[in-house]
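Engineer: For reference, TrEMBL lists these features for the protein:
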- Cys83, Asp85, His139, Cys142: Zn(2+) binding site (BINDING)
- 1-20: signal peptide (SIGNAL)
Amino acid sequence: MVAFGFKLLFALAALSSAFAHPIREARDIRIVGRSTSAVVRRQDGSEFAAIVEGNNAFRASDPALLQKLADEGQEPPFMFLGCSDSRVSEGTVFGAKPGTFFTQRNIANQYQPTDPNSQSVLAYAVSELGVKHIIVMGHYGCGGVAASIASPPGSNVDAANSAVQAWINPIRELLQQSSRPEIVALRESIKGSTTVEEPDIKDPGFRALVEENVKVGVGRIAQDSVIVNHYALLAANSTGTVERRSGEGGPAGDVFIHGWVYDIENGEVRDLGVSVGPPGKAIPAAPFAAVASAAEKASAAHQAPAAQNVEVRCAEMCKSKRNFLPQDH
């Protein structure tokens, strides 16, 4: 009888554990906004529903194109270097079909010639796929750039945090070295501060640092050995001294490098006017408006709420910030 009782208790415990298992347990999703928050009841498995439905719609949208790309391979006209931020996917921002972009994304859309990942993507895009345009695109409100402005962690830095801080360190250096007036003003405003918070998305210095980081990326790519050698190949081909070909069966072609910035608040893409091309070749006209007018509007919008209660603005910023610092910082 005692043995039966133990078996019954064990069975009940196992049944209780199964029903309480997190995989079977419905949990709430808390959606936090800048000024309001909401709780949405989530049913079992619904976290995958959106991507499953999206994949089904995608598969049905253009099956002939998918088969064509599978049969004939890719020949994308663009290489895209963007931020890993989930809000700035190049396929979504440009409504692009498969086969349009050959992509490299990382925190704060940086290009480092010492990074074999980025350089291998660039090399393959130029020498094998024959891309014509390389796009470096940053975005306002970039968490990586914001973290480079904020105070670095002072203690209890774990492996994940250390990796992020090392990656964004070049942007910290850009913040300290840039002579752009908006960045100088930002630098002076936080000089000597014990703790620096991440800036408001409309802060002119923050936006300027996002733009300058893109310009640095364009310059680094233009000076990379992959591009320098490719431009030399173009010059040699023009004299008929070299027969090396680039892309799938095509001759080495012109490659242009562009710097753009994306506004996550309204979806606009702006041109930074720093495009680079092969020596002696005309650079195609920018397909987007120049960034200057957008910067003026952003500066005006930043100045407008100056009379607003400082504590309210600070609270709103803290709700929306994505801080890379340890929780106990």
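Cβ coordinates come from backbone N, Cα and C, glycine included.
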Engineer: Across all the protein chains here, work out how many other Cβ atoms are within 10 Å of the Cβ of His139 (Zn(2+) binding site).
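Structural biologist: I count 24 other Cβ atoms within 10 Å of it.
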Engineer: Among Cys83, Cys142, the binding-site residues in question, whose Cβ has the most other Cβ atoms within 10 Å in this structure?
Structural biologist: Cys142
Engineer: Using the CB centroid of Cys83, Asp85, His139, Cys142 as the Zn(2+) site centre, which other residues of the same chain sit with their CB within 8 A?
Structural biologist: Gly82, Ser84, Arg87, Val88, Ala108, Asn109, Gly138, Gly141, Gly143, Gly144, Val145, Val210, Tyr262, Ile264
